[in-house]
Amino acid sequence: SQANFEEDGQEQPGVGHWKTLMPSKDSKEGPETGCQDAGGGEETQSTEQLNVSRLRSSSVEIREKGSEFLKEELHRAQKELKLKDKECERLSKVREQLEQELEELTASLFEEAHKMVREANTKRAASEKQLREARGKIDMLQAEVTALKTLVITSTPSSPNRELHPQLQSPSKAGFKKGHGRNKSTSSAMVSAVSQNVPPEPVSHECKEVDSILFAEFQAWKESPTLDKSSSFLDRIYREDIAPCLDFTKQELSELVRVAVEENTLTIEPVASQTLPVMKMSAEERSGPKKCALSGLPRTCKHRIMLGDSGNYYYISPSCRARITAVCNFFTYIRYIQQGLVRQDVELMYWEVMRLRREMSLAKLGFYPSEM
């Protein structure tokens, strides 16, 4: 039975009152020990609750401190973000300003470049024009030198050349020789006469009388000389002399010739001044063109004209050349009066104008010197 009890004691170790069945010497202290175990359990439980409350309070404190730290970090990050935004805004403004300045600089550079190109083109065009004019003058001067050499060679004491000795010519023929041979419509005879204040030679020994109406119109024009057609003096001459004298068969070319004469850009030169080698010229070119560009008639053309700087030449007959020369001589003289180069009495200037008008009338009727 004791063995069974021991087995039962091993199977149920949690039962604490089995010791009462077998009392011992210390049986009196058993109850006190049980009380002490019960009091220790209560203390242990209260300690555990105290520890749990402490852990809870510490976790709450840690959580509060963590939230405060996170708030401070968030506030600091927001401040830094605002500073970054301001810096980005400032940099964007600087970039926009730099882009605008770059665009303005580029535009100014392009404008300056275009301006320099335009100025260079203008200067080049002016230089080319001056070069063409200089070459034309050189060609004309060479032609004049060649003609003078020919005149000098062909003049002998037994057979003097009348071109070199104007005193051998009749007054009427000498008057026709005051024409011009190149643009600007000038002649050495008229320039010398004007510069030396020498009155022109009389046309002939004939009676003449001043027309009061024509003289009044010339005096009114002389007060303020101009090339405007609105004045009664020039309007009459245009209607009665210039327009009929420059009225050729080829109307379009006639209008161009009239404009070139008015603008003083007409060039007349002999056909012999061509620079082509004789061997390379055709038989027709060596003998001279056979058709006048103004009249359209088959005529031997010894001269050619160029209108302005066009570079196009038109061959003209001697009759057409005499008509153009007569008008050019008239314009040359009134230009001298307008520029104040003529220092003569009003009546002498009036008779010179009448003489030039008579030359235009004779040329229109077909009269011209044989030398042309």
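A Cβ is built for glycine as well, from the same backbone N, Cα and C atoms used for every other residue.
These come from TrEMBL:
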- 1-10: compositional bias 'Acidic residues' (COMPBIAS)
- 1-58: region 'Disordered' (REGION)
- 43-58: compositional bias 'Polar residues' (COMPBIAS)
- 58-148: domain 'GDP/GTP exchange factor Sec2 N-terminal' (DOMAIN)
- 67-151: coiled coil (COILED)
- 156-172: compositional bias 'Polar residues' (COMPBIAS)
- 156-189: region 'Disordered' (REGION)
Summarise the domain 'GDP/GTP exchange factor Sec2 N-terminal' (58-148) as counts of helix, strand and coil residues per DSSP. 91 helix, 0 strand, 0 coil
Would you report the average pLDDT that the model assigns to the domain 'GDP/GTP exchange factor Sec2 N-terminal' (58-148)? 89
